[in-house]
Amino acid sequence: MYHVPVLLKESVEGLNINPEGIYVDVTFGGGGHSREILKHLKGGKLYAFDQDADAVDNAKDLIGPNFTLIPANFRYIKKYLRLNGVDKVDGLLGDLGISSHQIDTPERGFSIRYDAPLDMRMDRAIDKTAADIINKYSEHGLHSILGMYGEVRNAKTLAQALVKERINKPINRTSELIEVLSDYAPRGKESKYYAQVFQALRIEVNEELEALKDLLEQSQQVLKSGGRLSIISYHSLEDRLVKNFVQQGKFHGDAEKDLYGNTNKPFKSVGKAIDPDDEEKERNNRARSARLRIAERE
């Protein structure tokens, strides 16, 4: 089962849809956002991306003249739009992160709730799994990803423990990993700690932040002037990248200026960041950490 779409009304309204326009849903998933966009189109066209083969099955009832599913990672958006004869689009929507379906499918290895292989690949055609990271990365490498992507406070100590443990026996299952983590998790906050470690591994396996950077950089090339960008993120690492790119035109530092001192920013923010209201958070657990940012191409 796929999750109830988060911030559905707000994210689609943020696109300011032209019924004859061309739009892209870069994270098709269960198709909730795509179906809502299609309701607003008449002569327009929607292209949707998803790298997960399970999600592709959800699109079968939508395939038609106004909808095309592209089974690929959104980091290649420019390439695949060109292959479909599309140069510029009117809007782009992204609902980042992991889907409820992926979490609730035990054998995918995304959840702390099930004993399963340490997989965590969104695209199961790629080779690297979470088990490969745990068992093959150096202590320094593990320390880095646990600290950067999971914001794990005792990342160095945990990295040392994982390296020591895998000498005796490879850590190949979620239960084996959690057994190691249990000795280092803050008392009373075990689930949060496990989730932080799993998040770090998932981001590394799928190169999520690098893919997001690629998407944002290419969005300024594929969006028409006046085109809208509507992005929902679920943790501070994602949101910071989106915020900085929209406000400064780059991921770090201040906006660049030309020879005349004019700021070079490809986007302007449309309103403030939007968080789900209390009712949606109560109704949809996944919405609790969501944040929507809308921007317009200059």
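Cβ coordinates are placed from backbone N, Cα and C, and glycine is handled just like the others.
These come from Swiss-Prot:
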BINDING   GLY31, GLY32, HIS33, ASP50, TYR80, ASP95, GLN102  S-adenosyl-L-methionine binding site
REGION    255-298  region 'Disordered'
In DSSP terms, the region 'Disordered' (255-298) comprises 11 helix, 15 strand, 18 coil
Record-listed S-adenosyl-L-methionine binders GLY31, GLY32, HIS33, ASP50, TYR80, ASP95, GLN102 have a maximum CA to CA distance, in Å, of 24
Out of GLY32, ASP50, ASP95, the listed binding-site residues, fewest other Cβ atoms within 10 Å surround the Cβ of GLY32
Out of GLY31, HIS33, TYR80, GLN102, the listed binding-site residues, fewest other Cβ atoms within 10 Å surround the Cβ of TYR80
